[in-house]
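To start, the structure under review is shown below, and the notes come after it.
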Amino acid sequence: MVNISTKTLSAADLAKAAKMLQDGKLVAFPTETVYGLGADARNGTAVAAIYAAKGRPSFNPLIVHVPSLEAAQELADFDDDALALAQAFWPGPVSLVAPLKAGHGLSSLVTAGLDTVAIRVPEHALARDLLTLAGCPVAAPSANLSGQISPTTAAHVLSGLQGRIDGVVDDGPCAVGVESTIVATNPARLLRPGGLPVEALEAALGHPLGRDLTPDKPSAPGQLTSHYAPRAQMRLNQTDGALVLGFGPVDGALNLSRSGDLLEAAANLFSMMRQIDDMADGDTLISVAPIPMTGLGLAINDRLSRAAAPRSGGATTG
Ligand code: TXA
Ligand code: MG
């Protein structure tokens with residue numbers, strides 16, 4: 001287990017992490033959204049090891065990370081909408097689902113046998129350096145055990161995956177804090193709200209974005225309702241209770257953003273969900289203050305409502 005921290009990170013350390021990816025190892029790394037668990041997306045054995053490390057119950061398609069649009073276009077065919085979105089928002093917190101291109105070279109475990117692939121160019125400087133050095137497309141789901149909250153620090157990664165992965169690159173907390181927005185193309189539609197607000201996508205497209213969020217028949221299987229599972233029970237849109245996760249003027253044991261800033265709230269969300277879950281004991285209910293449904297509020301409410309959803313046995317996928 002190699003723990004590579006930016007407090008001491010040298011070019012040689014990053015090269016070592018890149019070499020590990022090339023050698024088929026599992027390396028967790030930061031992106032601006034959440035930490036990902038990376039493996040060479042062309043190496044079927046390495047990709048299978050991602051599923052094993054996460055304890056994912058089934059093969060769900062993974063997001064492929066590349067350093068540039070040019071690298072993405074070697075893997076998939078981009079229609080006009082996909083190109084417009086990539087040019088407007090890459091590098092950044094949006095994943096685009098597009099038809100696989102002939103000769104893409106990806107393991108079919110990455111796409112779970114679909115004829116499309118989800119691709120992302122992260123903005124995080126260290127992630128892009130790592131992808132460039134590795135020189136291979138990197139499949140990376142969030143670096144958490146299946147069904148748990150996505151990690152936004154290296155410590156979160158280790159709390160779930162220590163001993164199950166080969167290394168982690170530590171660059172502190174993630175700036176955005178919720179997973180990427182996923183957009184399918186041809187026709188353009190939203191599969192998962194995330195770190196890039198829908199309003200920004202619609203402004204760039206010049207038309208409203210369709211939605212494809214059906215939880216029981218998901219095109220993005222991470223959409224299954226019980227994806228995020230804190231131990232304690234949560235109820236949303238509450239302003240009082242024994243243990244309140246506050247927002248704005250509604251205060252509590254913790255507050256996602258006292259000033260009501262949705263960017264700050266998203267960045268704090270998963271850390272505070274972990275912290276407040278640790279404070280809850282037995283059957284304490286966690287109350288979560290109302291959060292507006294605009295901008296990043298859509299993704300924040302989406303993740304919170306999954307955490308508050310009744311548990312349905314083996315339906316977790318993330
Ligand atoms: O921010 C993020 O997106 C993070 C960082 C590490 O990049 N990754 C992430 O991956 O959240 P994961 O595996 O936890 O979620 C990937 C989602 C899943 O819900 C999966 O079903 C969907 O992407 N997905 C992947 N390929 C797809 C495809 N071809 N069609 C539809 N959905 C797809
Ligand atoms: Mg996940």
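The backbone N, Cα and C atoms fix where each Cβ goes, glycine too.
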Of the candidates SER10, SER180, SER257, the one that TrEMBL places in the L-threonine site of THR33, HIS65, ARG120, ALA140, SER142:
SER180
Using DSSP, would you call ARG192 (ATP binding site) helix, strand or coil?
strand
Who sits close to HIS65 (L-threonine binding site): which same-chain residues at least 6 apart have their Cβ under 8 Å from its Cβ?
THR31, GLY36, GLY38, ILE119, ARG120, VAL121, PRO122, ALA127, LEU131, PRO137, VAL138, ALA139, ALA140
Within 8 Å of the Cβ centroid of the L-threonine site residues THR33, HIS65, ARG120, ALA140, SER142, SER180, which other residues of the same chain have their Cβ?
THR31, VAL34, GLY36, ILE63, SER95, PRO122, PRO141, GLU179
Nearest to THR116 (ATP binding site) in three-dimensional space, by Cα, is which of the binding-site residues THR33, SER142, SER180?
SER180
Within 10 Å of each Cβ, count the other Cβ atoms, then let me know which of the binding-site residues THR116, SER180 comes out lowest.
THR116
